[in-house]
Amino acid sequence: MIISVPATSANLGPGFDTLGLALDLRNIVKIKKSRFFSISIKGEGANNVRLKGNNLFISIFNEHYRKLVGKTDKFRFTFINKIPLSRGLGSSSAVIVSAIAAAYAMAGVAIPREKLLNLALIYEPHPDNITPAVMGGFNVAVVENNKVYSLKKEIPQSLKAVVVIPNRPISTAHSRTRLPKRFAMSDVVYNVSRSSLLTAAFFSENWEMLRVASMDKLHQDIRMRGLPELFELQKLALQKGALMSTLSGSGSTFFNLCYESKAKELAKVLKDRFAKYQVKILDFDNKGLIIEE
């Protein structure tokens, strides 16, 4: 059984805990029944001993598999990780979604995507990452009475993502503690209006509108102060062809959306200026979770 889940970029500027999209950078898990339990990790996290001893995927997988079949069995797990850890690209959501999907698949029980999404909400209470991880594409998602309500829009191949990945991780939990408990009404209105406009821009494919619609006054500046060069990065990206330039999740990755014709030029400019950072040109992913026999 092979399970794969895409990377995600959430918040997208003003859409705090609400907006997210999927990127064509996947974590893959291969699972086989075995006489012995074993874990093999390739790619991101391969040298992290803690991931083998205290593995979130295994914990969630065993919890759901046991509920479905009434016992635990031994499996050989091979993880091929392409999503950087703790960089704001949804690595935790990918683990959660793939673990639940894998448990149901190995138990031989079909699970609708909507149900899987709501089970994932138990471990990740903010739907902006888990929703595109499951559904693919651009998603607007809210939680009401512990249930996710979401709408998806596929993203055309004429657009590309240029992501800039610093060599420094940022903890989402720690990042949240830096945010204020209260916000000015004018700033809240600013964000509500722009997140609404950004959603409309995606669904109507009015990409030029994103330059205005992706602005934020609630969280990005506070989070970016921990890595001040991100302010320069954002300004440079918007000058050199990005339609929007936003902190990806809580960071440290910066997400830039542009037309395909601008992607290589934008990536080169950013790589030349921020030589110590990884710069990747990525397609958008419209499939989300994939399960293969």
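Note: Cβ is positioned from N, Cα and C throughout, glycine not excepted.
Features reported for this protein in Swiss-Prot:
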- Pro84, Leu85, Ser86, Arg87, Gly88, Leu89, Gly90, Ser91, Ser92, Ser93, Ala94: ATP binding site (BINDING)
Select the most exposed residue of Pro84, Gly88, Gly90, where exposure means the fewest other Cβ atoms within 10 Å, treating these as the binding-site residues.
-> Pro84
Note down the number of other Cβ atoms within 10 Å of the Cβ of Ala94 (ATP binding site), including every protein chain shown.
-> 29
Same-chain, non-site residues whose Cβ lies within 8 A of the Pro84, Leu85, Ser86, Arg87, Gly88, Leu89, Gly90, Ser91, Ser92, Ser93, Ala94 Cβ center for ATP are Ala7, Ile83, Gly249
